[in-house]
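According to TrEMBL:
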TRANSMEM  6-30  transmembrane segment
TRANSMEM  51-74  transmembrane segment
TRANSMEM  80-103  transmembrane segment
TRANSMEM  115-135  transmembrane segment
Amino acid sequence: METLNVAGQLAALVSALILIVVAPLEMFFYGRPKVAKFLSVDPEHADSVKLWSFCIGARNLLSALGAIAGLAMIRWGDPLAGTVVVLCFCWYMLLASLAMAAADAMGYWKPRGGSLNGTVSSSVLPLVVVVSPLFA
């Protein structure tokens, strides 16, 4: 297995940086009207999802930090091990996005279809990462 190509590394970095920016919004500020609109959350029900919102933000932050650790390994450590780390965290990001889409399809998101923008936008970069080894 080759190390992750430049496109995959850049996609992983941008995806991680986005998650680092969004995590505090999910964890601490999701009830604010502008943040709720950005996250497609109904501010009227924000209190009932505090636990889940905080946990999702924390998981996103941890996956971002893991991907960055893998990128650091590629650059300054063991490139092959770093590639595996980045791919694992990006697979997690991608599968979490697909789980969000499934939850929306089952009607767990109100209104149904409300998570479509978030699902698509959060899955594109991790998808680029996981398919990039095919083009090395």
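Backbone N, Cα and C define each Cβ position, glycine as well.
Worth saying up front: this structure is predicted, and the values here are computed from it rather than measured.
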Long-range neighbours of the transmembrane segment (80-103), counting only residues six or more past its ends (CB under 8 A): 1-4, 8-9, 12, 15, 19, 59, 63-64, 66-67, 69-74, 109, 115-116, 118-119, 122-123, 125-127, 129-130, 133
The transmembrane segment (51-74) in contact with the transmembrane segment (6-30), cutoff 8 A, at least 3 CB pairs, sep 6+: yes
